[in-house]
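First the structure, in the form of structure tokens, and then the observations on it.
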Amino acid sequence: MIVPGVDTLTFFARSAPLDSLLVPSSRFPMADAKIEKLQSAVATLDQISQNEKSGFINLVSRYLSGDADQIEWSKIQTPTDEVVVPYDSLAPPPEDMEATRKLLDKLAVLKLNGGLGTTMGCTGPKSVIEVRNGFTFLDLIVIQIESLNKKYGCNVPLLLMNSFNTHDDTLKIVEKYANSNIEIHTFNQSQYPRIVVEDFLPLPSKGQTGKDGWYPPGHGDVFPSLKNSGRLDALLSQGKEYVFVANSDNLGAVVDLKILNHLINNQNEYCMEVTPKTLADVKGGTLISYEGRVQLLEIAQVPDAHVNEFKSIEKFKIFNTNNLWVNLKAIKRLVEADALKMEIIPNPKEVDGVKVLQLETAAGAAIRFFDNAIGINVPRSRFLPVKATSDLLLVQSDLYTLVDGFVVRNEARKNPANPTIELGPEFKKVSNFLARFKSIPSIVDLDSLKVSGDVWFGAGVVLKGNVTITAKPGVKLEIPDGALLENKVINGPEDV
């Protein structure tokens, strides 16, 4: 899509397939000149390393050359159980404590810690938002790994990949874990300059020297950043073989011995955990078999004519949880060969009225470059992300309990699916959310909850079935202490 009066590289259409957004150099004879001009400007930016400069120029060059393989829809095949392995078919891990220790000593855990808590009204890294019982995401991660190390006498280290947005705060935060029995290492993902669309020059070279001039280029950057930071070689020297990579806000992403045991025994270089789609996940990337290899298919790559087919939970039944298990030697081999050429995700933004472009990649898209790569179809319990206060309500409720840092689902809940929860904008910020609940309601038997307007909850409220609560404009609606709401539509106090 070309916007009149705007550089042709600017696009704003979600519906365009990813490949159509990658611009072939034949259409842009000036591509080489643009790269040279950009390279000269980037060379003067002393805030970033030589590795970051070359990584950035490499990414932009690929973008301008249209380096992308077009997906032929007719060649897409549904993966077999050999490619996407059912979790229940995995062999049990060894019961012997010593064998388990040896297994875990081959593992490192890496949490993607580059995100801020701004969408939930918090400052600083998202991983320091309190999730339950006063514990933050990071607290729970540390407690989980501490429990493993203590139980089996192993040494599973924790790595945190920060962005320049979260680095300084995270360094201060991890000091509190200094006396724990866990090695914690931090490293930064790359810092790339945003590109000004009008003249294709880096925003920082035009006077935008603050953080707004830069961006972290997506979690696909985890592989080169792990190598460039020296952490990859350090892990290999300690005898580590696999890294378990996951988002820091996914409370279900815990170390799983069955998965680790399977990967080591079968020498799988890469494993993506997938889980069955629900109607809430129809836009999530899925695994396909394509020309003999397993590959991630994202909605942005899907031609318009097939978008509804992609969203169908009948044909594409699984989606990517972004829980990834990757062989460390394979990462080293592929990064050193510059072989990880993941699909580029162009992300147009605006900074102080200036149209800019940032190019990103996703770690899941790397699956097709690894040998003997597989998916494992895991239980939904391994995907419990907290992206909004509606998710926070789930994990703070009686639907879950905390055991050794692990968030465990209440067995009294008979429905395998979690309730759907929609909270209005009044609940968006964590501080407002907490203020509006005297205590978190009981939701073990809840199917759906929709709240809009100025609604306040008393203590000991019980919600069952389908509940809708709507406060009229300008009216404060209080749900009294101990109220039981079952299959109710509440529009005022008289309905309670």
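Cβ coordinates are placed from backbone N, Cα and C, and glycine is handled just like the others.
Less than 8 angstroms from the CB of LYS387 (UTP binding site) sit THR119, ASP249, each of them six or more residues away in the same chain. If you look up TrEMBL, you'll see LYS126, GLN189, GLY218, ASP249, LYS387 marked as UTP binding site.
Positions annotated as substrate binding site by TrEMBL: HIS219. Around the Cβ of HIS219 (substrate binding site), the number of neighbouring Cβ atoms within 10 Å comes to 23.
Minimal Cβ crowding within 10 Å, among the binding-site residues LYS126, GLN189, is found at LYS126.
Spatially close to GLY218 (UTP binding site) yet at least six residues away along the chain are ILE345, GLU360, THR361, ALA362, judged by Cβ distances under 8 angstroms. Of the recorded residues, GLN189 (UTP binding site) and HIS219 (substrate binding site) place their C-alpha atoms 8 Å from one another. Residue annotation for UTP gives LYS126, GLN189, GLY218, ASP249, LYS387. The furthest Cα pair among them is separated by 21 Å. When Cβ atoms from all protein chains are considered, those within 10 Å of ASP249 (UTP binding site) total 22, not counting its own.
Recorded residues LYS126 (UTP binding site) and HIS219 (substrate binding site) have their alpha carbons 15 Å apart, per Cα-Cα distance.
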